[in-house]
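Straight from TrEMBL, the features:
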type	residues	note
DOMAIN	50-168	domain 'MTTase N-terminal'
BINDING	59, 95, 129	[4Fe-4S] cluster 1 binding site
DOMAIN	191-422	domain 'Radical SAM core'
BINDING	205, 209, 212	[4Fe-4S] cluster 2 binding site
DOMAIN	425-488	domain 'TRAM'
Ligand code: 5AD
Ligand code: SF4
């Protein structure tokens, strides 16, 4: 770091903190497609002989953003390491969805202080959803001077320029745009998997559920053009990928914002992707309000479209759903659920549920339990409500005592586990197709993968099966996973 270089830096240019208030705005302006990603000449080889590490918290969208940032860093010559002590650049890709996710990140930033003292040349960056929040940026500015760089979810393509400033400036570089967002195409990406891949189909969310920070941290709904998506999926198929997951915060709103396509939605896109020679196609996350009949018709065609639907319900009480701003009632959710189940009889269903939302009564919580009993979900994610500053629910009185919230969560989890065990039991003695993903985390002697319905299957077999679709006969159906035997000779049964 030289005095000369730092004195040339117009620091004000690199201090753009976030504003949740601006992030809330939704204008009519058309989304810009940016296609001019570039690496400044003097940064093209800056990473030669150097290493990077990206720590990722949160959802699949973040995991995929990490692949893009890794791709950009690798274009600059950096190599990946998993040892923080060897890293020259450490980026922490953060999640803001609940308070405990944020606390974990702050704890981690704290532990990196010692490393930074030992290695002053290390660049420490914070990005992702937390970077979009004023409170977080202010806290980092005040308490964590070891951080060199903060950038937002809309600024990922600017990583080369921002890294340059961080390397040569003595100040903390902060660039967080709170605009609604554009679409940046053709960014490099270094995919983590060789047979499973994520494909963004849209960004952002306009649903503004009253508890949720995502519409503020990820901007407005912007759909990628189908041509771009289909081209990406074709290329993945050509490279031998076995499974893709189409990603978006609210994938059922796909296409609504595309100016040149009338009535083109997720059903149309999936119908086109169905014809591409890739064995498995998944999609997440669905919003019940926008889940339309055309998509159901297309899913019913099967083929490479996997029969697993993640359909977050959040609550079984219409009154709570109303205050959550979900845009559907309990009855409407159940109607949709049964419609999909009738059309795709083998489908597995998972969900997300929040307990202890402001004012949630015992009776309303019982309604959630009764909905779970009716749907018999295969699995799901359950959460205690966590107020997020800036959202409408955070202004409501968080009046359900923590003890009550914990008891509700325990009761809900117990019920969800019962249905998980019940749905797994149906697999006993069945032969299922499994995409072999690797060694089981608990026992390297055992291989592990998922069925089309997203059930975890563990079985013994040669390591050469990793990355292959194989048939496994289920011999022991457990609560959260299935054990089985590899069927070398059989044809797949779903
Ligand atoms: N508190 C608790 N859970 C939340 N989720 C989103 N926001 C909150 C919050 N403030 C949950 C929802 C969503 C999942 C990704 O996270 O269930 O579907
Ligand atoms: Fe959050 Fe609701 Fe959008 Fe999902 S649909 S990301 S819960 S605002």
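Backbone N, Cα and C define each Cβ position, glycine as well.
Curation does not apply to TrEMBL; its annotations are automatic.
Positions of the features from TrEMBL, shown on the structure.
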residue	record	Cβ within 10 Å
59	[4Fe-4S] cluster 1 binding site	17
95	[4Fe-4S] cluster 1 binding site	21
129	[4Fe-4S] cluster 1 binding site	28
205	[4Fe-4S] cluster 2 binding site	22
209	[4Fe-4S] cluster 2 binding site	22
212	[4Fe-4S] cluster 2 binding site	22
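The binding-site residues near ligand 1, defined by a Cβ under 6 Å from one of its atoms, do not include any of 95, 129, 205, 209. One way to see the shell of the [4Fe-4S] cluster 2 site is to take the Cβ centroid of 205, 209, 212; the remaining same-chain residues with a Cβ within 8 Å of it are 207, 208, 211, 213, 214, 215, 249, 250. Per-residue pLDDT, averaged across the domain 'TRAM' (425-488), gives 97.
The [4Fe-4S] cluster 1 site, placed at the center of the C-beta atoms of 59, 95, 129, has further neighbours from the same chain whose C-beta lies within 8 angstroms: 57, 58, 61, 62, 94, 96, 97, 101, 128, 214, 217. Checked against ligand 2, the binding-site residues 59, 95, 205, 209 give 205, 209 in sequence order as having a Cβ less than 6 Å away from one of its atoms. Residue 59 ([4Fe-4S] cluster 1 binding site) falls outside any helix or strand according to DSSP and counts as coil.
Here the C-alpha separation of residue 59 ([4Fe-4S] cluster 1 binding site) and residue 205 ([4Fe-4S] cluster 2 binding site) works out to 14 Å.
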